[in-house]
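Sequence annotations record features per position, and here Swiss-Prot assigns region 'Disordered' to 26-59. Residues or ranges marked as compositional bias 'Polar residues' by Swiss-Prot: 26-38. The domain 'ABC transporter' feature in Swiss-Prot is assigned to 145-391; the stated evidence is sequence analysis. According to Swiss-Prot, the feature ATP binding site maps to Gly185, Pro186, Ser187, Gly188, Ser189, Gly190, Lys191, Thr192, an assignment based on sequence analysis. Sequence annotations record features per position, and here Swiss-Prot assigns domain 'ABC transmembrane type-2' to 484-691. Positions annotated as transmembrane segment by Swiss-Prot, on the basis of sequence analysis: 502-522, 536-556, 586-606, 614-634, 653-673, 706-726.
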Amino acid sequence: MGTSSSSSGLVKAKSETLAEALKSSSLDFSNGDGSSHGSKQHVRARTLSSPSYSSNSKNRWNTHIRKAKSAHPALDLAGLTGGAALSRASSASLGLSFSFTGFTVPHEEIIASERCSNDDILEDIEAATSSVVKFQAEPTFPIYLKFIDITYKVTTKGMTSSSEKSILNGISGSAYPGELLALMGPSGSGKTTLLNALGGRFNQQNIGGSVSYNDKPYSKHLKTRIGFVTQDDVLFPHLTVKETLTYTALLRLPKTLTEQEKEQRAASVIQELGLERCQDTMIGGSFVRGVSGGERKRVCIGNEIMTNPSLLLLDEPTSSLDSTTALKIVQMLHCIAKAGKTIVTTIHQPSSRLFHRFDKLVVLSRGSLLYFGKASEAMSYFSSIGCSPLLAMNPAEFLLDLVNGNMNDISVPSALKEKMKIIRLELYVRNVKCDVETQYLEEAYKTQIAVMEKMKLMAPVPLDEEVKLMITCPKREWGLSWWEQYCLLSLRGIKERRHDYFSWLRVTQVLSTAIILGLLWWQSDITSQRPTRSGLLFFIAVFWGFFPVFTAIFTFPQERAMLSKERESNMYRLSAYFVARTTSDLPLDLILPVLFLVVVYFMAGLRLRAESFFLSVLTVFLCIVAAQGLGLAIGASLMDLKKATTLASVTVMTFMLAGGYFVKKVPFFIAWIRFMSFNYHTYKLLVKVQYEEIMESVNGEEIESGLKEVSALVAMIIGYRLVAYFSLRRMKLHSST
């Protein structure tokens, strides 16, 4: 009893404190306060002045404002218990929060929220007060998303024949501004495929049915109005949260904004998403400790809402998150939707609190549509067709059990029971697979509400024709010039990879190799009739040809997901990224070779002339850049690390054998291999630098001017990189089959 009374007193005290805060806050938003009233008028005027809003939108906006003025009931907590008082206070706080953004919670939902437990209310208040108030009603171009009879098939090729597999079978639905649509179903039901189709990430020729945005088909111009958050968190692990969002703002926001305004926008997104505490923490990854999973997901969402998209698509935003973090993510999405955006998300198995945040629901099973409508009416619909839970359970859990055929705790119609008995007998006797539950639910949906929902989808969206045409506006210009993109991407690349270049493992590898070589060729005699230094020079050519190839191979395959994501959002020009990626590391590429040559050069007693030393450094540098080009070309062409490593091993071994040290005369029909070998040209240049004016030939190779070798290395540097660049141009950003 003591514990209960103390808990009730604590809850009531919190309720009274919250009520006082709300009372003082309501004074700030009252009509009598000129400053706050002016602020609201400023927001209203700014929104109404936006060309994105029609006269109908203005009327709706005025309606929301009128609702907002009456959305704050008097907080009379006298005579209430602790739980009831806290429930009343939380309802008022939610009403205040949504009215501040221009949207209000219906009175029925406020009353219903009082039935929640005290723990649920406390957690909802924390989520609401930490995120809802922060999202302001900023002008957003409205997008009314409709999809009717969506079908999608893939062709699977076998050894002798090919067959088509149906992934989506006539899916229909809609999502309008201010709504959160959830795509729910078991694994393999087609949720991600449908989301990709809605985001225009498939070749439109492979999709049946129609997807419309304000009654207009998809076009590339829509890329700037659609945000897409993938299931995997694609981020650079060594950048901080603040750096990640700042680079996104600088690259994606229009050039009409100054650099300071873009940085302020990034700071406001950090604040809106509640990332202030971790903004200076690295993102982290598999081998780098960083932010938590929920914070990483919020950073991904922040990258997409940075440009104020009208349509936001999210693939499993709550996967691998605990229930509390998942609730905060969905609460945040709910608030973003109420700010006038259209939100569509896939979700696997939400909790009951998450489920009640959804405005609309699509239930899929094996690519078939089992339900589309309001999420709040889903249980009523399935009860109407004879399927209802025997126990009190989470609605999402009930729906997933139903579509998966788990009928232990579910009441089903007798007709379905009879069919299930027959199917089980066939499964036992003939080993035949048939989803009788899916067939029954699909037929029930088609006969009950599918026709009515399609008729609703046929109605035109409530927008003026002028506003509809704005969705096909000319393609947005780049946020930065080519040179500015190059500089920014170079700086980002150096910050991201600075940890790899100077890792203790790489420095130890280079220094230990240099010391071993210096000891083996300790103070060798350059005037000897048998030049032993040629072996050292050849090894230097091989080492600095082998090392960069297998480092560069990983460049584009590892960054493929990031490159695809950023190119999908028109973040930068591919040419600016490629040049920045291949040139920003060049200063860093000089540090380890210089350190290597300083150790080897003086320990082995190579030619002690400043000119010879710097020419040796330049020769090794040309070899490194040429070898990197080969690695980049192989990696970009194959985009498969196993295949790329195998091909690179064979190529480097061939170049080494044809490098002029092991084989003096190569048969004429494969002599061209020698001229493609950067090892051969590097070795000849190093021999020239060390033995010029001392010997006319070394190991049977005449010492020439070196112009031919330098020209060959420069040609390789340019040629290999061109191959890599055009391979990236050909790279598919997403599956189109």
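Placement of Cβ uses the backbone N, Cα and C atoms for every residue, glycine included.
In the three-state DSSP scheme, Pro186 (ATP binding site) is classed as coil. For Pro186 (ATP binding site), the same-chain residues 6+ apart in sequence whose C-beta sits under 8 angstroms from its C-beta are His348, Ser365, Leu400, Val403, Asn404. Least crowded of the binding-site residues (Ser189, Thr192), judged by neighbouring Cβ atoms within 10 Å of its own Cβ: Thr192. Around Ser187 (ATP binding site), the same-chain residues at least 6 positions away in sequence with a Cβ under 8 Å from its Cβ are His348. The number of other Cβ atoms within 10 Å of the Cβ belonging to Gly190 (ATP binding site), over all protein chains shown, comes to 24.
Neighbour density around each Cβ, counted as other Cβ atoms within 10 Å, peaks among the binding-site residues Gly185, Gly188 at Gly185. Same-chain residues that are not part of Gly185, Pro186, Ser187, Gly188, Ser189, Gly190, Lys191, Thr192 yet have a Cβ within 8 Å of the Cβ center of the ATP site turn out to be Thr346, Leu364, Ser365. There are 23 other Cβ atoms within 10 Å of the Cβ belonging to Lys191 (ATP binding site).
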